[in-house]
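Peer 1: Take this structure, written in structure tokens, and hold onto it; I'll ask about it next.
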Amino acid sequence: MSSVIERIETLLVDLPTIRPHKLSMTTMACQTMVIVRMRHSDGIEGVGEGTTIGGLAYGPESPESIKCNIDTYLAPLLVGQPSGNVNALRALMNRHARGNAIAKSALETALLDAQGKRLGVPVAELLGGAREAHLPVLWTLASGDTQKDIDEAFQRLDERRHCDFKLKIGANPVDQDVRHVAAIKAALGERASVRVDVNQAWDESTAVRGIQALQDAGIELIEQATPAREHEALIRLSKRFNVPMLADEAVQDARDGLSLAAGGFSGAFALKIAKSAGPRGVLELASVAQAAGIGLYGGTLLEGTIGTAASLHAWATLPEMAWGTEMFGPLLLTDDIVTEPLNYHDFGVDLPTAPGLGVTLDEDKLVHYSRK
Ligand code: MUC
Ligand code: MG
């Protein structure tokens, strides 16, 4: 008899960050991951991760709501269903539960991990096959202190860890933020690409002033300067400036992508499995972007190794990521809950090659960091 889903367990796992990580809406000292363990009747376990930033600071799902909504609504839908048909299970979840993209992403990841292990192939192969084995990874400078950020950037360059940097701004007055960014770009010069993420903090007129100054300072990409739902403002900014706009919170899934593209947006989309309810949904968004001539960027919600590996399997299948990836989440954390960390080297990371996601839970660490 073919395998069915037997049991789904969720755990809240809290891992400290290596330094405070300052964004426009919150400062993180710790990351909370919702880890999904999905047991199947053939004895295979699939693992998944659902992670957001700063409780409810980033979006409408919190770690606690992700866990609660999986336990109460989504797991009961899946238990007893055949294990292997990910498309049917996605449709089932979408028919009975609205929203909750991060929770659905964690479950889809666990389904794909199990199916890959069952068939003896990496998740990227289930998604059509990997075109890349090593993906570029940028680093986010967000200590809140200009000199510390400069020192951190040079350290990462010297280690050959990262050569692209994203600066989190928007928490301070615009002139102060611009001075901070311009000082870092001036210190790094041509050695590094510098981009900014405003995380929706500016209204359109502030954005016009800020972006002009950032463009003059040599910044290469401006991420989500204006509020997520103000698509028209983002489209106008993309038409006004030479420096490209990166849509992040504004583009959750393929439908948002289509609306931005149809409205005349140009630039790039930050793809995140968490926004698009999993690897399959995020690749649908990537197809819309490609059809519209919009660049791709492999984004993160600062997932740990499991969510990062799931994202890498999706990004590896894509023909070209014009802006690379930011899959550095595990490097921001003081420890890990897998037996073998991802291999970061030469300004990027290797795609895991073992079946499924290619990562294994460390049971002792999991117990240690799980919320009691
Ligand atoms: C975001 O908005 O892009 C990605 C990198 C980082 O530091 O924060 C995230 C979220
Ligand atoms: Mg962003």
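Backbone N, Cα and C atoms are what each Cβ position is placed from, and that goes for glycine too.
For Lys168, the entry in TrEMBL reads active site, proton acceptor. Positions annotated as active site, proton donor by TrEMBL: Glu326. The domain 'Mandelate racemase/muconate lactonizing enzyme C-terminal' annotation in TrEMBL covers 147-244.
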Peer 1: Summarise the model confidence on the domain 'Mandelate racemase/muconate lactonizing enzyme C-terminal' (147-244) as a single mean pLDDT, whole number.
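Peer 2: The predicted confidence over the domain 'Mandelate racemase/muconate lactonizing enzyme C-terminal' (147-244), as a mean pLDDT, is 98.
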Peer 1: Other than its own, how many Cβ atoms are within 10 Å of the Cβ belonging to Glu326 (active site, proton donor)?
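Peer 2: Its Cβ shell of radius 10 Å holds 25 other Cβ atoms.
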Peer 1: Going by DSSP, is Glu326 (active site, proton donor) part of a helix, a strand, or coil?
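Peer 2: Coil, per DSSP.
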Peer 1: Which residues of the same chain, at least 6 positions away in sequence, have a Cβ lying under 8 Å from the Cβ of the residue listed as 'active site, proton acceptor'?
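Peer 2: Listed in sequence order, they are His21, Lys22, Leu23, Ser24, Thr140, Leu141, Ala142, Val196, Asp197, Asn199.
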Peer 1: With DSSP as the reference, give the number of residues of the domain 'Mandelate racemase/muconate lactonizing enzyme C-terminal' (147-244) in helix, strand and coil.
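Peer 2: Secondary-structure breakdown of the domain 'Mandelate racemase/muconate lactonizing enzyme C-terminal' (147-244): 53 helix, 12 strand, 33 coil.
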